[in-house]
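Working notes for the structure below.
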Amino acid sequence: MPPAVLTLHCLVLIITHLHQATGRSVVVHLQEDGVASNDSGLTWKHTLPSLTTFTFCVRLYSYHMRYSDYFFSYAVPESDNELAFHLKYDKRELRLACCSRRIFHIIKVDVRLLAWFPFCASVDLTASSVTFVHSNGTEKSALVDAVSEKGLGLNVKGGGNVVLGQDQDELRGGTDRGQSFNGYLADMWLGRALLTEVQMQEYVQCGAVMPPDAPQAVLDFQDLGNDFMLGVATVFADERVNPCSSSRDILFSVFSEPHTAHQAAQLCSTLNGKVAAPQSTEENQSLLREGSRMVAQCKEYSKGANVWIGVVWKPLIQMWTDVSTGQEAVYRNFEVEIKPSGQEELCVSGTSMGSPQNNWDIESCSFQLCTACQFNRPAPIMLRGLCSESLFDREYYIYDTINSRPVFNGKLWSRLAWTNDETDGWSGWKLTLLTDPHIHARMLSTSDMAHPIGIHEYEVVGDKCRGERQYLRLTSCTLNQFTCEDGTCVELEQRCNLELDCADNSDEMDCETLIIPSGYEKGLPPPKLNTDTPTPVLFDIVIMLVRNLDLLNSRLVLDLTLTRSWLDSRLQYKNLQKDQNLNQIDSMMKTVWYPDSNFLGTDGSYALWDDLDTAGWAHRTAQPLPDNDQSIDEDVYYSGEENPLMLERKFTVTLMCTYDLAMYPFDTQRCPLVIYIRYYTASYVITKLNTLNFTGTRRLMEYRVTGLTNREVLHQNKSGQHMEMVLTNQYGYFITGAYIPTLLLLVVSYLTFFFDLRDFTDRIMVSLTSLLVLAALFSQIASALPKTAYLKLIDVWFLFCILSDFVMVFVLVVINRYLESPSSPPPIMSVSPLTSSSFITTTSSSSSSSSIPSVNQMEKMKKISLKPSMEKKVDKWCCRPLLDPRRCNTLVQFALPLLLGFFIIAYFSFVAYKMAGVRDNFHTNPILDEPQYHQLLQNDP
């Protein structure tokens, strides 16, 4: 045996016996150099017996991920996987293979790199069952035999070979570095007995180093030096590696460059960590051990090689606080703890030399010291900008130290470390493929103090990506974060949100939303979704205001907002926000295709319009495209095939509306507005209505908006939308300003029939005045209305009123004529035979002024009294009552209200019948959810 191997063997034996004596874990480090190989690991010197029941326990810790991480492989001549355990980190799986490939069982576990994962598996092949106990819980499952449904005859054959950290594809051979294990294996135990859940849980929870009260093991680590042969780069781990330590998953890393306390906090934050703040003596010792590696460098800034500690004195609250939590620092390791009396904020440092006891000091936060970062749960640091064929890793973790600087270790095969190349005298950060060091990339930097975090130029050698020089970005930000130029992270939602979230303002730089590919043709509409489906354009129409309704000139002036939405699969967008106002696209109409539109009024008449305002944006309605780590940018991209463009334009539209005034002022007008796509027929572009709303004041000066309806229309084979606005006259003004006054004037004319019959002058003057007022009122109202060839309803009313008043004047004249006519009966209703005495009596009683009649009068009276026909004529007059002015006046008093009332009832009954169907009818579509919106956009019925 070579001396070096013999020395190593003896050292392993000594350390093993020391661990047995102290009861500490026995830990083996496989592939210590991190290089994947097929000859690392441990080979057991013994062989397994045949097993039908067994329990397997182990604690493991992985540094790199392989294609499959085999940490236990048992092969027999007949089968390479007679018993095997391995991990699939990318799928979060623990896999068990058994019994000549008849059993292959998978369970889901929360396993990750750089974290201890203990578990036990109790396998009963006779009952075809298995119980897994791990740090995330307990899982019982049935084993499925791939050969026999009944699962008969299952057992692990004896006489084979056990290898730890490799997969045997044949007995004692066939190993593959892609199926090897890199990390720690601790306290492995394999026995025939089926341990209880309590025993396994106590092992997993570190209640005992080995399973408590367990029977004799078939295989364990108690005599590691005698039982196993160590492969290449496989060593016994030192005492610092303790799988059951309270700080077992905490990593400390010390950076030797000088930083102030604020700069140190920023540096650790950019690495997904925080300034180290130990919570116990054990953690403080771990930090001291890590700092001891940098004593020579850190002594340049302080005699004690101090590093910053994440504890600070807050004078306002008089408390030592943890920088990361803002709460009081529970653990403090001062030699003499004081409470400073000043108002200055003070920081804490820890010496990396000497004893860990009382090694904290108080420092001014402006001093420059080494930085110690703490990683409680190491998060990956991503390398962006590599091509898809690149051999370098894209995921890195910080641990270990090379040349007094922390190392960025790749997930699989790569390492980024500070290198001093003696061959050409070059020193700096170098990205190396561990399996082939000739493939590398040097970071070109102008400063020895620079870190690889951020965007840097690299000189690449041997990789499959094109170009000898490439810009790569190393960032600790997650997929939902954006990396500022200084390396800090902000949420992606804060990117391009018009707020400065990065200290260097880089989150608001390069915020163009629209990405136009080369070869884009603005004059061509978007590609059809399929050969039979034209491109749909969604209309959202909001009528904001009826600016003017001109009856005389048959015009209607509207203020409206027309929003058009469409998908264009040729485009992409980046960094779209939920608030669409943040997704504005400047000069959209000049850069991309958009559905131009035109307006029509009644009978296809072209409307005039003025553009008030224009805005365009991309509307985020779908998930972003998968992240492309080949780009150094962390912008989020969205496909134009799923996220629509939206163009909002506000217009003042003047359109022709032919008003039908037959029912005026109880009329309802219907004014059409057609909006259609210009230039493209319906075989290329079609329109669909999403929403149609009226948001303005519905009550206008004369009319009220009572309806808004819509239907699809084709104009010259071009798709459009036909809207119809319904306007109902607010007739209240005419009721009070026309109908009631005219009715009162009729009543006034009618009341003249109650005047004294002989007061003709007053009667006729009142009636004529009413007639004149009616005529003047009619002329005034008619002058404000369009001249129509047909009678309007208000014309009918005025004609009726004027005619009624005229008839009343006529009747008054007739009555007066009969009163003054010679044929009307005298005031003396009876004539007796003429005698001198009677004559004297009669004349004296009837004449108010005289005395004795003249001779001529007496002669005339004699002639009258001698005519026998005179009395018959008087009797005939009295027998004609219709021609009696008083009776005629009385008849008019009763008949006229009946005639007027009949007409008024008939008139307003007709109005009520026509107005009964007038109701508010607004065709407003409900707000669509995202699936319905997409269906409409994609013309999916």
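Heads up, the Cβ atoms here are built off N, Cα and C, so glycines get one too.
The cysteine that TrEMBL pairs with Cys496 in a disulfide, picked from Cys484, Cys489, Cys511, is Cys511. Between Cys477 and the candidates Cys387, Cys489, Cys502, TrEMBL records the disulphide pairing with Cys489. Between the listed disulfide-bonded residues, namely Cys489, Cys496, the fewest other CB atoms within 10 angstroms of a CB are found at Cys489.
Cys477 (disulfide bond) sits 9 Å from Cys484 (disulfide bond), taking the C-alpha atoms as the reference points. Measuring Cα to Cα from Cys489 (disulfide bond), the disulfide-bonded residues that fall within 10 Å are Cys502, out of Cys496, Cys502, Cys511. Each of the disulfide-bonded residues Cys477, Cys502 was scored by the other Cβ atoms within 10 Å of its Cβ; the lowest score goes to Cys502.
Sorting the disulfide-bonded residues Cys484, Cys511 by the number of other Cβ atoms within 10 Å puts Cys484 first. Residue counts for the domain 'C-type lectin' (252-374) under DSSP, split into helix (H, G, I), strand (E, B) and coil, are 28 helix, 40 strand, 55 coil. Averaged across the domain 'C-type lectin' (252-374), pLDDT for the predicted model comes to 88. It is 14 Å from the Cα atom of Cys511 (disulfide bond) to that of Cys484 (disulfide bond).
In this structure the C-alpha atoms belonging to Cys502 (disulfide bond) and Cys496 (disulfide bond) are separated by 11 Å.
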